[in-house]
Every structure is written in C-alpha cells, then in structure tokens.
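Straight from Swiss-Prot, the features:
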- M39, G187: substrate binding site (BINDING)
- R115, T160: ATP binding site (BINDING)
Amino acid sequence: MTSLKLLKKKAPLVICITNDVVKNFTANGLVALGASPAMSEFPADLEDLLKYAGGLLINIGTLTDENWKLYQAALKIAEKYNVPAVLDPVACGAGEYRKKVADDLINNYKLAAIRGNAGEIASLVGIDVASKGVDSAGVDNIDEIALAANEKFNIPIVVTGEVDAIAVNGEVVTIHNGSAMMPKVIGTGCLLGAVVASFIGLEKGQELKSLETAMLVYNIAGEMAEKRPNGHLPGTFKVEFINALYEITDEDVKEFKRVK
C-alpha cells in the first residue's frame, strides 16, 4: 500500500502546536489530505490526546516563554506514548532566542524529523546561507545542508527551497516539484510541517519513503493548484491548493514526480 493510501486509511490524529497565523489553514489542509488535526495547547489535554495520536508538530513561529514550556511538555508526553514528533524551527536563524529554543528541543527531546527551509536548517549546523527569517531561496547546496543536519542530529531532515532535500540515515534525495506561488501564501511552509508529521509515523523503518511521498504530494498539489483558473493569484491559489490536496492521487504523484 502506498503512503498516501495508508494515510487516508489510517486518518492519523495529528496534534499541531503551531503559530497563531496559520492554525486554520493548517487544519483545513490536513483534513483535505485525509489526516485528523487537533490544535491543542494545554498539557492536560495533550496527555489525553497524544495517547491516540499518529504525530505531533511543534512549530515555534509564535514564540514566547510560555510556549517554550508548552513545547517541552508536549514533547515529553509524546515520548511517553511513542508518538513521532516533528520540529519546525521557524526563523531559528533570525536571532539568538529562537536558536536557543530550537537547540533545546533538538538536543533534549526525542524528535522523529526536523522540517525547515535552507536558512533555518543551515543555522542549526553552522552553515552560512543567505536567508531572511522564514524565507530562503536560491541556495545551491541544499542537499549538503540536509546531510550535515542528518549527520549531526541523527534524525530525518527535510530542507525546503526552490529544490527540496530529504536526508535519512546518510542518504539524500532531492525533490524538484513545487509551485512558485507557495511562498506568496503565508502558511504553506507551516502546513508542510504538519503534513510531514502526518506521514512520518505511518510505517516504521520507512521514513525516507514516507517523507518522499509527503513532499511529492505537497509539491505536486501546488503545481496542480497553480494550473487552475486564476491559480497565479495568491487568493485563488490558497483555495485551490486545499482542493488539490483533497483530490491528488497516487497516479498524479507517479506521473508528475521529479526526484533525484
């Protein structure tokens, strides 16, 4: 069974502790894809929900001291119930505080994967690239950045940009699909973190396969959305992207995938 079919069959509960700007978009995107999102932010509630969850997303976009404590509590509970947790270290290269939080979560808690743009992941491993907060483009060595992070942290890494790279156990693949409209809609990267959290726990020992499918589904859905009437406009693209996540099939992935 393909990873996409498995996701739709299991409809995993995915707990999303994400930033305030993107909660609605993230929830709708996961529902369209076939997962079951919950945007819980209270430790006692997390204790109840994570027992049944298939994944946890920690997105540090809306960062406060209290949220830092929440991330820590959620990761402790996730480890207790063996729930795979994905970290999206939003803008961790933009300042010392964000970097400190990201380093703490990576070094002191169990993570199943890290998803970030080239600038974010590069900052975690001490590689200099040109980036601006949550935006990163035109990076040529994205596969090297992914491999460096995978080697340093010994967990799967997803690095996004004009080309995306996935590194698992020292092996790297690059994804050459995607839409230029994605950076023009706030929250597309954050939703991707939740999609990664939806796929990462589907098949133990098959993380590279699951992550490759997650990236292909996401990026090809973006291509489909851009090709639709007025898909070149951000407002229309946002709606059509959700529609494409709902409609995309394994046949679409097989026909349009560009992987190296």
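Note that Cβ sites are derived from N, Cα and C of the backbone, with glycine treated the same way.
Annotation for G187 (substrate binding site): same-chain Cβ neighbours under 8 Å, separated by at least 6 residues, are V21, V22, F25, T26. Considering other CB atoms within 10 Å as the measure, the emptiest surroundings among the binding-site residues M39, R115, T160 are those of M39. Residue pair R115 (ATP binding site) / M39 (substrate binding site) shows a Cα separation of 19 Å. The DSSP secondary structure for T160 (ATP binding site) is strand. DSSP classifies G187 (substrate binding site) as coil under the three-state reduction. In this structure the C-alpha atoms belonging to M39 (substrate binding site) and T160 (ATP binding site) are separated by 24 Å.
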